[in-house]
Amino acid sequence: MPFLSHSRPLRYATFGYLYIMQGLPSGFALIAVTNYLASEGVTPPVIATFGAVVGLPWGVKFMWGPLVDRFQGLAMGRRRPWVLLAQVLAFGASLGVLLTTDPMAGFNQLMWAFALHGVFASLQDVSVDAMAITVTPEAERGRVNALMKIGMATGQAIGGAGLAYLLRHGGFQLAALVQSAVLLGFTFVTLFIRESPGDAVFSFRYISSNTIPAVTTAFGPLLRELGRALLSPRSMLLFLGVAILFVGERLFQRVYSLHLIQKEGWTDTAVSVLSGTYGTLVAVSLALVGGWLSDYFGARRMLLCVGAGMALLHVGFGLLGTSTLGTYWADTGVATAGLIVRQTMDPVLSIAALPVLMALCRPGVAGAQFAVYMALSNQADVLGIWLSGQLFPLFSAPVLAVACGLSMALATAVVGLAIGWNRQRSAYWSAR
């Protein structure tokens, strides 16, 4: 069987299915279950609390990064042992979701069961990202990131649309059981994937290898190097812009679903299934094109274009729902188009942003540094979810759409400033 480091098709297939694994529980918890709660009359602040608690472990996953970078060297490969460990623990935690029979009656129990699963799923996320950085050539990272987001979108579609249907027609426990079965099946697949020649299929034997570059032997130097990488002014400014984009994207995503269910009278199944089918198909198509464009035109240019496009779309769509033009949002066709387009923005933004963040990572702490960036991006998602619950009772959805669009325009300007600053510094040092 080919190895990840030697086979491009295997890399594409592997990182695609690994992200399906991550997307499925996310879609189940944050799309199917939250839309179900909204349709049952749960208030937006309570739903936002549910989403924030479920997403919180992803926001602190940077703690896993130093561990994944520090402890390598098993005969099974550099990163795969961590991936397998995380998958087994996440599967075990998913069984805890089965203890809830009714999401309404067991709200708190369900919320914390999903949060516990998120702890181990976040370890899997960090491990998979570290493996991707290790085995993927830089010129190929845009396409690999695109396939990761396609996998994530596909998993969210299965969890958000497929499990939403089972939740309504077969009961919550059937939906939770299907989730656990899929996770277990994918874990078995990972047993037979190898990173490099010489890796064992299954072995806990430790090997000493000089092929592991720049891995610090102690936490102190590793953390100091990580701090230097994260606190450089250019890195901080660039990530600030990316974080604002993620906050605005997630905020309006939740606000618009709440608006359709609680203001326009849509059913939770209609919102979940529509966003998980047509929305995912469009997202996958754009992800394929976006990954190629990112590699061809450059990730930084792609990020600027995506940020500007998102700002224009949010402002324009928000203006369609203002008091003078409010009938447009009540139109089923316009609302459906808005939901589908809305579903595409998260994967497209990630495809544009992740290669830029990967390029900031230093070799000795690449896994830890990228984990911090992803954790902070997830914290931005959590912040957006929480803000949706606080702002939706106070402001109309069209007003929030315009506000999100304006914040995205500001964020794009910040990203452009950081990129321009880097070019000036590079030109200065080249001239010396």
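Every residue gets a Cβ built from N, Cα and C, even glycine.
Same-chain neighbours of the transmembrane segment (12-36): 4, 47, 50-51, 54-55, 83, 87, 90, 94, 103, 110, 114, 117-118, 121, 124-125, 128, 132, 143-144, 147-161, 163-164, 167-168, 175-176, 179, 182-183, 186, 189-190, 193, 254, 257, 261, 268-269, 271-272, 275-276, 385, counting only residues six or more beyond its ends whose CB sits under 8 Å from a CB of the stretch. What TrEMBL records for 12-36 (among others) is transmembrane segment.
Residues annotated as transmembrane segment in TrEMBL: 42-60 (among others).
The transmembrane segment annotation in TrEMBL covers 81-99 (among others).
According to TrEMBL, the transmembrane segment annotation covers 146-166 (among others).
Proximity of distant same-chain residues to the transmembrane segment (172-192), defined by a Cβ-Cβ separation under 8 Å and at least 6 residues beyond the stretch ends, is recorded for 1, 17-18, 20-21, 24-25, 28, 32, 80, 83-84, 87-88, 90-91, 94-95, 97-98, 100-103, 158-159, 162-164, 166, 201-202. As annotated by TrEMBL, transmembrane segment applies to 172-192 (among others).
Positions annotated as transmembrane segment by TrEMBL: 235-252 (among others).
Summarising the annotation, TrEMBL assigns transmembrane segment to 273-294 (among others).
Long-range contacts of the transmembrane segment (306-330) within the same chain, counting only residues at least 6 positions beyond its ends with a Cβ under 8 Å from a Cβ of the stretch, are 241, 245, 248-249, 252, 264, 290, 338, 341, 345, 348-349, 352-353, 396-406, 408-409, 411-412, 415. Annotation source TrEMBL lists transmembrane segment at 306-330 (among others).
The transmembrane segment annotation in TrEMBL covers 351-375 (among others).
If you look up TrEMBL, you'll see 395-422 (among others) marked as transmembrane segment.
Sequence-distant neighbours of the transmembrane segment (351-375) (same chain, 6+ residues past either end, Cβ-Cβ under 8 Å): 58-62, 64-66, 68-69, 79, 122, 125-126, 129-130, 133-134, 138, 141-142, 145-146, 148-149, 213-216, 222, 225-226, 229-230, 235, 238-239, 242, 245-246, 287, 290-291, 294, 299-300, 302-303, 305-307. In terms of C-beta pairs under 8 Å, the stretch of 42-60, 146-166, 395-422 lying closest in packing to the transmembrane segment (235-252) is 395-422. Among residues of the same chain six or more beyond the transmembrane segment (42-60), those with a C-beta under 8 A of the stretch's C-beta atoms are 29-30, 33-34, 104, 107, 111-112, 114-115, 118-119, 121-122, 125, 254, 258, 262, 375-376, 378-379, 381-382, 385-390, 392-393.
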